[in-house]
Amino acid sequence: MPRIDADLKLDFKDVLLRPKRSSLKSRSEVDLECTFTFRNSKQTYSGIPIIVANMDTVGTFEMAAVMSQHIAVSSGSGQNDLEKMTSILEALPQVKFICLDVANGYSEHFVEFVKLVRAKFPEHTIMAGNVVTGEMVEELILSGADIIKVGVGPGSVCTTRTKTGVGYPQLSAVIECADSAHGLKGHIISDGGCTCPGDVAKAFGAGADFVMLGGMFSGHTECAGEVIERNGQKLKLFYGMSSDTAMKKHAGGVAEYRASEGKTVEVPYKGDVENTILDILGGLRSTCTYVGAAKLKELSRRATFIRVTQQHNPVFS
Ligand code: 5GP
């Protein structure tokens, strides 16, 4: 008989962070930089842990230059993928991150693949996903992954939930997966579902070590594609990595590793990404001030979520 798990599972929109007494005088006192040492690779990372999604339109070199972060090598889990990745990593010894990215991180084949990559690259930091439950986070970490990507179906241009009926509310997924990962000294990325700076703060509050954003970074100057002018409006194209647009562009390569399709949308042109980044970082600093966290790393320890029926006043939205 099918089982119904009646435990309450929540999304970012279902909660707010409760303000707490704080000795911080101003948001400029908040330190957003985090330092992590990864469990299996033993490599160390320092930086503000916000990552641009590995998608055609937003994951561009121009974006990376602004984010001034490192571009991990990303791979599916087939034999060809392994050969291709090996040749790239041999050619580019400075690349220290490997991202093993499949839509469904639950297959036994994927676990075996993570073990294979760990054996071949003992000192690279391996990110693996996507999953949404603690037991799978533990299995992937014990198989050699350092950072687990969490999120099935929350993405802005993702149609997994409507196509397959599969998914997990992102806030609960992050809380549960962070708990499992941290118990083993592993790390997680909350991947997808953030719609505003407040959601990024909630993801960190829920225990995410890194937050990955696609839609929030779309539509900027640094994104791929031209600005489209229509009816006096400036727009830019943004599409999911398994949308028709991506499929055509990559001639089937994407279809193999993404189970379900994505959307292609036109989003308002938002100017330079610098402004959006400052908006997100300003929001995060304020969140930390409201809950009394002097460092971003302390945010989850200071976070109490309250369940709400309305996040914001919609009169003028
Ligand atoms: P967003 O920040 O836009 O809500 O979510 C970004 C995440 O959506 C990406 O990092 C990736 O995990 C996921 N994603 C990107 N393209 C697709 C797609 O075509 N299909 C699905 N199912 N997920 C996608």
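Cβ atoms are placed via backbone N, Cα and C, with glycine included.
The domain 'IMP dehydrogenase/GMP reductase' annotation in TrEMBL covers 10-70 (among others).
TrEMBL lists Ser26, Arg27, Asp101, Val102, Ala103, Val152, Gly153, Met241, Tyr257, Arg258, Ser286, Thr287, Cys288, Thr289 with the feature NADP(+) binding site. Of all Cβ atoms in the protein chains displayed, 27 besides its own lie within 10 Å of the Cβ of Cys288 (NADP(+) binding site). In three-state terms derived from DSSP, Cys288 (NADP(+) binding site) belongs to a helical segment.
As annotated by TrEMBL, domain 'IMP dehydrogenase/GMP reductase' applies to 73-311 (among others).
TrEMBL lists Gly153, Gly155, Cys158, Arg161 with the feature K(+) binding site. Within the same chain, residues at least six positions away from Gly153 (NADP(+) binding site) with a Cβ under 8 Å of its Cβ are Thr160, Arg161, Val166, Gly167, Tyr168, Gly192.
Feature annotation from TrEMBL assigns active site, thioimidate intermediate to Cys158. With a 10 A radius on its CB, Cys158 (K(+) binding site) counts 27 other CB atoms from all the protein chains.
According to TrEMBL, the feature active site, proton donor/acceptor maps to Thr160. In the structure as shown, the Cβ atom of Thr160 (active site, proton donor/acceptor) sits within 10 Å of 25 other Cβ atoms.
In the shown protein chains, 28 other C-beta atoms lie within 10 A of the C-beta of Gly193 (GMP binding site). Positions annotated as GMP binding site by TrEMBL: Asp191, Gly192, Gly193, Gly214, Gly215, Gly240, Met241, Ser242, Arg258, Ala259, Ser260, Glu261, Gly262.
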- Measure from the CA atom of Gly155 (K(+) binding site) to the CA atom of Gly215 (GMP binding site) and give the result in Å, rounded to a whole number. 8
- Message: Using a 10 Å cut-off between Cα atoms, which of these binding-site residues sit near Gly155 (K(+) binding site): Asp101, Gly262, Cys288?
- Response: Gly262
- Query: Highest CB neighbour count within 10 A among the binding-site residues Ala103, Met241?
  - Reply: Met241
- Query: Using DSSP and three states only, what is Gly153 (NADP(+) binding site)?
  - Reply: coil
- Message: Nearest of the binding-site residues to Gly193 (GMP binding site) by CA-CA distance, picking from Ser26, Asp101, Cys288?
- Response: Asp101
- Task: Name the secondary structure element type, per DSSP in three states, that contains Ser26 (NADP(+) binding site).
- Result: coil
- Task: Determine the most Cβ-crowded residue among the binding-site residues Asp101, Asp191, using a 10 Å radius around each Cβ and all protein chains in the structure.
- Result: Asp191
